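Colleague: Before anything else, here's the structure in question.
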Amino acid sequence: MISQSYRILSRISRNNELKKTFLTNLNCKSSSPSIIRSFCKKQNLDENFEYTNKLEVQELKHYIPCYTIMDQEGVVSKPDQDPNFSKEEVIKMYTTMLTLNVMDSILYDVQRQGRISFYMTSFGEEAIHIGSAAALEMSDTIFAQYRETGVFMWRGFTINDIINQCCTNEHDLGKGRQMPMHFGSRKINLQTISSPLTTQLPQAVGSSYAQKLAGEKNCTIVYFGEGAASEGDFHAAMNFAAALSTPTIFFCRNNKWAISTPSKEQYKGDGIAGRGPNGYGMKTIRVDGNDIWAVYNVTKLARKIAVEEQVPVLIEAMTYRVGHHSTSDDSSRYRTVEEINAWKEGKNPISRLRNYMNHKGWWSDAQEKETIANARTTVRESLVNAEKQYKPSINEIFTDVYDKPTPNLIEQQKELIEHLKLYPDEYPLNQFADSKLILKD
């Protein structure tokens, strides 16, 4: 009790009248937990916990449940929670997932052939992409990590956009400045992806805080993996969002592996979701990331809360990364084929939605084959065309840095051009747009 009294005194030490009142109460009555609690509440020093004279070490008592409504056979357990999309909408969702899967397979092999420098697949996480994206508005802002390609596709980012970026040609929206998989598009409100892990989380909070100050009825969603939640920026972002009450949706893709580190070595306790309610006072939901309808419902609710209540929401989507971390990784070195197949066959998000469609008579094997064939043709034709294009102009190295080029930037540009003129045979200048015009005397 004495330590509690001193703590309260330290908080009110600059207010002599309040301090006098507290000491009077303390001297006249027993300094029981109820007296201290009553005084704090009366003087607006309330804290959201009870005082007690029972010495007890707290431990984890319960785990946040994982919300799911559709099993692997495509059966919805609670029909009233089925989003009831139309046949056309469900087919669009399914074909987008299937197309993403086909594109990932082709571009992974293309990287192995040396035609692009890098690639990351989304095998096993397709329901997270489409389910969450379908629940958002186009006016919402997206900060992604690097495994959310399906989200962008749903919002209108085309296969050509994706492949042009991977080939870094002159049609790349990023003007060839980023490595593959680092997409960005003002048109679909996608902030450009950056490589450093978790930097997008504090940025997303800043974005949503700006939306709040502007009185917008939108939110910002930020995607990240459970490995990113081990970074310091995760805490900074969560704390800022909670303290400032920003309309931010924190969407964690818990796919069990942070490159080669399993989730059991990333954290203890109740995973990522467990940090939300007690750690940051944040509304939190855990969801089956391979159930597209559960993901949709959860994201829809999270958006409603974020926009209407102007508070952040944490979502932890439980899934599994079926593919390698990237083309720079060989996951056979740290996990078994049996583990991969157990998820690939037992909790496959694509086949789960296919089964749902089968029950309704909306899909056939012929449609499946046609969709896969069309996707392969589209991806291959896009790739062939992208490889024929020029690389961005050499001058693009210096654009978009400042509104108007600074003297030192102009000098650097001049020095580069002079260097290229001096050693033209050392560089593949014929691959770059406008190179002849730029290097002309």
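Using N, Cα and C of the backbone, Cβ positions are placed for all residues, glycine too.
Owing to the predicted nature of the structure, the values given are computational and were not obtained by experimental measurement.
Feature list, courtesy of Swiss-Prot:
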- 1-17: transit peptide (TRANSIT)
- GLN145, TYR146, ARG147: thiamine diphosphate binding site (BINDING)
- SER194, THR199, GLN200: K(+) binding site (BINDING)
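So that I understand the layout, could you describe where these features sit and how close they are to other parts?
Modeller: Non-local contacts of GLN145 (thiamine diphosphate binding site) by the CB criterion (under 8 A, 6+ apart in sequence, same chain) comprise ILE193, LEU197, GLN200, TYR223, PHE224, GLY225, ALA228, ARG253. In the three-state DSSP assignment, the secondary structure recorded for GLN145 (thiamine diphosphate binding site) is coil.
In this structure, GLN200 (K(+) binding site) is part of a helix by DSSP.
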Colleague: Return the residues near ARG147 (thiamine diphosphate binding site) by Cβ distance under 8 Å, restricted to its own chain and a separation of at least 6 in sequence.
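Modeller: Looking at Cβ-Cβ distances below 8 Å from ARG147 (thiamine diphosphate binding site), excluding near sequence neighbours, one finds MET120, SER122, GLU125, TYR223, GLY225, ARG253, ASN255, ARG321.
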Colleague: Can you give me the Cα-Cα distance between THR199 (K(+) binding site) and TYR146 (thiamine diphosphate binding site) in Å, rounded to a whole number?
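Modeller: Their Cα atoms are separated by 12 Å.
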Colleague: Tell me, how many other CB atoms lie within 10 A of the CB of SER194 (K(+) binding site), whichever protein chain they belong to?
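Modeller: Looking across every protein chain shown, the total is 16.
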Colleague: Compute the mean position of the Cβ atoms of SER194, THR199, GLN200, which form the recorded K(+) site, and then list in sequence order the other residues of that chain whose Cβ is within 8 Å of it.
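Modeller: Apart from SER194, THR199, GLN200, the close residues are PHE143, ILE193, SER195, PRO196, LEU197, THR198, LEU201, GLN203.
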